[in-house]
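Here's what TrEMBL has on this protein:
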- A:208: active site (ACT_SITE)
- A:242: active site (ACT_SITE)
- A:3-423: domain 'Aldehyde dehydrogenase' (DOMAIN)
- A:468-495: transmembrane segment (TRANSMEM)
C-alpha cells in the first residue's frame, strides 16, 4: 500500500504536473482554504488528541501555517527564479546562475506534539519547490492523523500528495522506498533510524530533533517579566514543545525569586487549580505520562507535583536545586516539569551547557550586553532567543533547525523552499571568444601556463541588478558633476573675461 | 605515533578552547596554506606526475591554481562571510527586536579525499573548513601514495598541528576512523563507499556532504560550430585522461552531427597530442593497473565500433583517446561511469529521445549541451536535472567560485566551492534578541486566553501580502 502511494506520486511527478508555478500556487491556496474552512474540526481533533485549548490551536498551529502559505504564494516566483552569480573575466560574456529545481518525491514524517504545524509546514515548502510529497502524520495524535487523511485528498492533488497513516511497521515500509529527500520531525532515536534507511538510497535528510534547551537567567534582570515569558513557553502544550525551555540555570541567590515569579505567573495563567483551567493541556498518552512521572521520582516539587493518571494530567511543576546527574537532567523532559540547576556564574553556566549535547534552542535572560554576547559566542545551539523563549520560531526569515544531536538542516519561509530544492549550478557559454580558450589546449608550454594562470586569477564581478543600478546612478552623478564643473568653469571664465 | 582517537581527542580539545574561532586565526591558517602550495609547487608537480603521470600543465591548472584561487577568494571574503546576517524581514510583533543569523563552526570535521585530483579535492574542502572555524582531519586517498606522503609531511609543517591533522591509511583504517564521532563528514568518491559512510554517520547523526559522480551526458545538437565544439569536448573529456568526475562521459547526437563530429575530433586530437598520443607529454595515464584493467574490460566487452584510438599499453597503463560509435543503451560502456579516455557516441533521432534517455538514468553530476540554439539549451535544462550544467563547454563551470559545486540524487548531496564551502562547514544559528519593551503586546499571548486577545495577536503577527521586505505594515 505504501509502495503504491510512492509509485503513484513518482509517476505523477515524472509527468511534470507539480512543476508549473501556477499549479504550485493553486495547491497552496487550496491548502490555505482547507485550514480556514476546517478550523473547527482541526481544533476538535486536537482537543481529543492532546486536550489542546481552542486558543492554542490557532495560536500555535494555524496562524504560523497560514503565514507560511501566504509568504510562499506571494514570493514563489522570486524564489523559483534563476539566481545570478558573480562572473570573472573568463566568463564575462556568459550566463552564470543557480537554478532551483524540484528534487522529486519527498517524504515528510510529522510529529504528534503540533501535528498540523509540524506536518504541513514542511509540505508548504515541498509543494512550493515543485515536488511530490508523501505525508506520514504521527500515529500518536490519531484524531489529527485520521482527519488529515480525510481532508488533504479533498483539497490537494491526490496522487502528488498522498497521506499514509500507520504505525511503526508502515513507517518502516515507507522508509524502504526510495525518496529524493526525507524530512523527519521527532526524536533522536528514530532520527538515527531514518538516516540509516536513507543511507541505502543516498537520500539526503532533514532531521528536526530535540534535546535539552537550557535557559540561563542572569541575576540583574527583571525577574517578573522573565519568569512570565519562561512560564508561558514552558507550560504551553503541557511542556510538549521541542523548543520549550527544558531547564533553568541561575545563581543560587536568585533561585527563590525565580520560583516565586513562576508560581505567581502560574496562578495568573491557570488559576489555583490548573486541572480545571480550559487553557492547560494534557500528556499525549499513558506511556509518556509514565515516562515524565518517573523523571520526578525521588524529588520533591517546589511548585505543583500533583498528577492524575486517569486524565494524563501533570500539574505545572518546578523543582529546585536539581543536581546535574539527576535523571531529570539526563534526557529531554518534554513535559511540564521545570528543574532549576544552580551555577556559580556565567562561566559555570557556559561550561555546563558546552559539556552537553548541542541543544535545539538556547535561552538567555539578561540586561547585560556583555553576558548576552558571551553566551552567543561561546555556546552553540540550533537557534537562540534572548530575553524570551520560543519566539525565534515565529520569524520565518530565521532558519529553524538543529545542530549536532538536535538535528540537521533547516526550514521556515524561504529556507523550506531551499531545503526541498536542488540548487543547480548553470554556466551557459557562447562558442565565441575561442581565442581565450586556446591557452588551455595541449600541446602545452611555459607561455601558455603563464597566460592561463593570469586568466584564472581575475577577480569576480558582481553583475546583479543592485550593482547595475549603482553603476548607472554613479555614472549619472559623475556626469552631472562633470557638467556642473564645466558650467562653473565656463561661468568663471566668462566672469573673469568681462572683468578685464 | 598517536592513534586515531588520540588525534581526534586532541583536535576536539583544541576546538573546545575556542582558538579556531577568531577571524585572525583563520586568516593566518589560510595564509599558511597558501604558502604551503606556493612554496612547494615543484614538489607537488613531481608527486602528481609520479602518481598519475599528470602533465605539468594540468597540475598547474587543475590542482595548484584552483586551490590558490579558492584561497584568495576565501581570504578576501572571510570577514563578510563571518558577519552575522542582519537583513532579516520582521513582523510587527518582532519590530523592536534584533534578529540575525550567525554562522558558527561545527567542530571537528573529517575530509576524505579522492585520487583523481588528490590535491585540490582535499585542500578545497580544507579551505572551507578552516574559513568556517573548524578543526579538520584529512584522510587523503591511499591510491596516490606520493601525494599522500607529501600532504602528511607538509600540512603539519605549515598549519597548526593542534587543529589540523593528516591520517593516512587504507580501507580498514578509514573504516575504523569512521567509528568516531565527527561534526561533519566530507567525502569525495564513489557511491558504494558513500553508502557505508552514511551508515557510519547515522548513529552519530553526523551531517554528510557527498561529492560522487555518475555518467555526465553531453548533447551536441542543432546548429553548432562543430570545430569549436570538438575542441572543447576533447579538452574536457581527455583532461586528466578522462579521470574527472565531471568529464563528459558520453555524447548524444544525431547521425548527421556524428558524421561531422568524427573528423573534427580526429583533427583536434592530432593537434592536441600529435599522431601518437602515447608519446605526447601532455597525455596522462590511468592511475593503477586495476583501473586500467577495468577500462580495458569495458572496452573489450563493448559492442560499439572503435573509430578513433583504441590502442593501449599495459606497462605504463596507457590508453589512447578512444571514440566509439553505434553504442546502444545496453552496452558495457553504458552501465557505469567510464572515468577514462573512452568516449562512446550514442545516436538519437530527436532531442526528446535524448532527454528521455537521460531521465531514465540516475541524475548525473554534470550535464552538457553544445548548441547555438537557445531553445535546445533551454529545453534540456528545463526537462532534466543534474548537479551542475554547462552550455557549450565542459568542466569549466566548476572553476567559477560563485557557483555551488555538488551533485543531486545518486551524484551526491551538498555542495562547496567559495562561499558554499563556508556554508557547508557552518551552522546557521537563527537568533532573536527580544526587547524588554512591548510586553503589552506579549500579554496578548498569555493565558487565560480570550477571543479578543487572539484577534489582536493574529493581526500583529499575520504576514501582509504586499509588505516590503517581509515586514508587516500597520
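The backbone N, Cα and C atoms fix where each Cβ goes, and this holds for glycine too.
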Surrounding residues of the transmembrane segment (A:468-495) on its own chain - C-beta under 8 Å, 6+ positions past either end: none
Secondary-structure category, per DSSP, in which residue A:208 (active site) falls: strand
All-chain count of other Cβ atoms within 10 Å of residue A:242 (active site): 27
Per-region confidence, the domain 'Aldehyde dehydrogenase' (A:3-423) (mean pLDDT, whole number): 95
